Amino acid sequence: MTRLLSRRALVLGGAAALAGCDRLARHETVRDALFSADNFHKWAQRGLMRPDALAHEFRPDQISPFFRANGTANPDTPAYRALWRSGFADWRLRVGGMVARPLSLSLAQLHAMPHREQITRHDCVEGWSAIGKWRGVPLSLILDAARMHGRARYVVLRCADDMGGGARYYESIDLIDAFHPQTILAFALNDRPLRVANGAPLRLRVERQLGYKHAKYLMAIEAVESLSGIGAGKGGYWEDRAGYDWYAGI
Amino acid sequence: MGQGQAAAVMPRMVQRHRLSTRLWHWLNAMLLYMLFTSGLGIFNAHPRLYWGQYGANFDHAWLEPGRFPGWITLPALYDLAMARHWHLTAAPVLLFSLLVYMFWSLGNGHIRRDLLFRRGELAPGHVWRDIQDHARLRFPTGEAALRYTVLQKGSYGAVIFLLLPVAILTGLAMSPGMNAAWPWLIDLFGGRQSARSIHFIAAFALAAFFLVHILMVLLAGPLNEVRSMLTGRYRVPEKRR
Ligand code: HEM
Ligand code: HEM
């Protein structure tokens, strides 16, 4: 009988502890502690790697048969539809913020710049992975061409997809990732122009972080000193909206 | 376990567990609880497991157990961001507390005296007898009760030196940042989706250990057992005649 009781106490105790954890997570200090773990992971990972340490690049025969798309499948706004209909001939990437020479780049101009090609693994925060071959322009070339100010600390990526209520998808990365050799603005996946589901006409690849950092449907990039004042200030749409980590290296 | 202090009167009380063992044990149990339940919450975001470098919806999954119910996930309501906050906060604490515990237990002799097998203990006859004793719930008494049995040593050793390290290393191997920092780590496990599968298997192996562990504690006398792990004090069971 006591055994039965203690077993039941254990199960109840387990359930109560879970409810307790949920309740605990509503306290400000507990939340702050839980939400600052990504600072630790960023600090630890950056300490363990060279700034330009590369993500693994795969062989062509290791590419996923089908590259799963996620998030917005099609921005489908009137403006995006119009761009798509013209084969993105009227699309421009605006480069602004803290730069000496703001740019407005067409797809043809991007094609004319030096490219990088890389077969890398895309890891979604949900847990799945897909390997694909990306081709695009290193972000560092574009930031150099725009002559970014020395005071800028982050690069914000603005997207075409409306996430509801007029909020546009956006993301941000710091300069270590912005100037990383594998950080490219990609216009091709597996030797074909990006499909709409994969982010046409242009998307970010930031290979040492999870999928939600790889902003699709790029419209503008902006060099900034601080992330406060942009969206809700957490540095990205999902960071603002759902509390995802800004540093998505794990 | 500490040295038994001889006492003339029955029941004999001894100092069984060192402070370091007790502190680590309960911290570790609490962290594993958070990691397992938040891990299942994370798993629910994509409840499919694969082998190899890649794996998504169009690829072959070797396991599709469905979603885990809310009573065993943290948080109870599906919230991937929150589950990841719990998991990734508890994980480094687990890692560093295990490292400290390993070195401490090496220094204070806990590993050598209590966890390593002694000469003769691994002889088939001895192991077989220990299995029979466990199956018949004949727990050691008298002097013999002051040490872990072979099965205890084997399973505690497996938890500390195999299952926890594998869970930690596969957890780190799933990190794209760590993949750039330590490329050998993911190669060790044969790719990211293999690492995820092994991580899942290690988590359930720990859960299976826990179920047997808790059953044994209940059967061996929960009050005395848990007291010895909380305060260190243990009443030596009277010798069977
Ligand atoms: C340092 C230690 C650990 C780290 C860094 C870590 C990291 C992770 C990461 C990154 C994921 C997400 C995988 C995905 O994308 O789906 C995950 C999932 C998970 N973790 Fe851990 N973890 C650690 C320890 C543990 C331990 C000790 C347990 C078990 C008690 C555990 C149980 C799980 C489970 C069940 C999942 C979901 C299923 C899966 O992806 O395997 N983790 N962990
Ligand atoms: C509420 C749950 C738990 C209770 C009541 C409990 C109780 C105990 C007790 C009484 C002992 C000492 C056994 C002896 O003296 O013969 C022990 C040792 C141990 N337990 Fe637990 N335990 C719990 C959870 C866990 C969990 C979750 C794990 C890990 C998966 C674990 C791993 C261990 C290990 C590795 C030892 C040996 C420690 C050493 O000597 O280094 N326990 N536990």
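Glycine is no exception: its Cβ is also placed from the backbone N, Cα and C atoms.
What TrEMBL says about a protein is an automatic prediction, not a curated fact.
Taken from TrEMBL, the feature domain 'Cytochrome b561 bacterial/Ni-hydrogenase' applies to B:16-232.
Remote same-chain residues near the transmembrane segment (B:23-43) are listed as 17, 68, 72-75, 78-80, 82-84, 86-87, 90-91, 93-94, 97-98, 100-101, 164, 167, 200, 203, 206-207, 210, 229-230 (criterion: CB distance under 8 Å, separation of at least six residues from the stretch ends). According to TrEMBL, the feature transmembrane segment maps to B:23-43 (among others).
The transmembrane segment annotation in TrEMBL covers B:85-104 (among others).
Taken from TrEMBL, the feature transmembrane segment applies to B:156-178 (among others). The list of residues near the transmembrane segment (B:156-178) in space but at least 6 beyond its ends in sequence, with Cβ under 8 angstroms from a Cβ of it, reads 28, 35, 91, 94-95, 98, 101-102, 115-116, 148, 185-186, 188-189, 192, 195-196, 198-199, 202-203, 205-206, 209.
Listed by sequence, the residues of this chain that lie at least six past the ends of the transmembrane segment (B:198-220) yet keep a Cβ under 8 A from its Cβ atoms are 32, 35-36, 39, 43, 49, 63, 134, 137, 139, 155, 158-159, 163-164, 166-167, 170-171, 174, 189, 226. Under the heading transmembrane segment, TrEMBL lists B:198-220 (among others).
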Next on the checklist: Looking only at the domain 'Cytochrome b561 bacterial/Ni-hydrogenase' (B:16-232), what is the model's average confidence as pLDDT?
Outcome noted: 96
